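Peer 1: The oxalate binding site annotation in TrEMBL covers Asn104, His109, Glu114. Sequence annotations record features per position, and here TrEMBL assigns Mn(2+) binding site to His107, His109, Glu114, His153. Summarising the annotation, TrEMBL assigns disulfide bond to Cys30-Cys45. Look at TrEMBL and you will find 59-207 tagged as domain 'Cupin type-1'. Per TrEMBL, signal peptide is recorded for 1-21.
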Amino acid sequence: MVAMVSAYFFVFLALFGMVASDPDHLQDLCVANKAAGIKVNGFPCKEEANATEADFFFSGLANPGVINNSVGSVVTGANVEKIPGLNTLGVSLARIDYEPGGLNPPHTHPRATEIIFVLDGELDVGFITTSNKLISKSVKKGDIFVFPKGLVHFQKNNGEKPASVIAGFNSQLPGTQSIAATLFTSTPPVPNNVLTKAFQIGTKEVDKIKNKLAPKKS
């Protein structure tokens, strides 16, 4: 099983290296200097002489993430924010874990196509095209599914056991916009009259949804 997962990782990286969404890099490496305070399309590079193996290593996907939310899933990213050496390389990974009945709610990645490999369990997955067509499938351990760049998509664990996937992206930082959270918990908030008109519901319903989706105060 380990050998098969490793093989798929190499396929992910090879494919995304050939069709990277991010701009091509112009040097061997550009380890992100996140402390520079300079805003660029990506991160400025730290001096190559100061790069170390730690800039290219992350062990955070080895174990399931801790799920502590109402939707029953958690995403653990392995992007440039966790691996500075990914800066300018145009690839990243994530691990998504789902409890039974757990959902990764409808969302988009504005900067990347996503490809998932199912590590364990069974999921119902799908995306919606710009012509409003739902393309969906039930996937199980060992299966692969692709979500095109920018399209709304989701994953739902309808099984009785936990599930998990590894996701590959052709961007060092694909970005995520959860549809419900984006519309109902933005700062400043989307005006109620926009939401009531768009969803054909009343102000009380809008306020109820906002209260349910509001981040929990620690």
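Using the three backbone atoms N, Cα and C, a Cβ is placed for every residue, glycine included.
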Peer 1: Can you give me the average pLDDT across the domain 'Cupin type-1' (59-207), rounded to a whole number?
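Peer 2: Its mean pLDDT is 97.
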Peer 1: Compute the C-alpha separation of Glu114 (oxalate binding site) from His153 (Mn(2+) binding site), stating it in Å without decimals.
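Peer 2: Approximately 10 Å lies between the Cα of Glu114 (oxalate binding site) and that of His153 (Mn(2+) binding site).
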Peer 1: Determine which residues of the same chain, besides Asn104, His109, Glu114, have their CB within 8 A of the center of the CB atoms at the recorded oxalate site, and list them by sequence.
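Peer 2: Other same-chain residues near the oxalate site: Ala94, His107, Thr108, Ile116, Phe147, His153, Ala167, Phe169, Pro174, Thr176.
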Peer 1: Taking the Cβ of Asn104 (oxalate binding site) as centre, how many other Cβ atoms lie within 10 Å?
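Peer 2: 25, counting other Cβ atoms within 10 Å of Asn104 (oxalate binding site).
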Peer 1: If I restrict to non-local contacts, at least six residues apart, and a C-beta distance under 8 angstroms, what lies near His107 (Mn(2+) binding site) in its own chain?
Peer 2: Val152, His153, Phe154, Thr176, Gln177, Ser178, Ile179
Peer 1: Excluding His107, His109, Glu114, His153, please set out which residues of the same chain place their CB within 8 Å of the center of the CB atoms of the Mn(2+) site, keeping sequence order.
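Peer 2: Other same-chain residues near the Mn(2+) site: Thr108, Phe127, Phe147, Leu151, Val152, Pro174, Thr176.
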Peer 1: Any idea what the Cα distance is from Asn104 (oxalate binding site) over to Cys45 (disulfide bond), rounded to a whole Å?
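Peer 2: Asn104 (oxalate binding site) to Cys45 (disulfide bond), Cα-Cα distance: 34 Å.
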Peer 1: Can you grab the distance from His109 (oxalate binding site) over to Cys45 (disulfide bond)? Cα atoms, rounded to a whole Å.
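Peer 2: That separation, Cα to Cα, works out to 25 Å.
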Peer 1: Within the domain 'Cupin type-1' (59-207), how many residues are helix, strand or coil going by DSSP?
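Peer 2: Counting residues per DSSP class in the domain 'Cupin type-1' (59-207), I get 22 helix, 58 strand, 69 coil.
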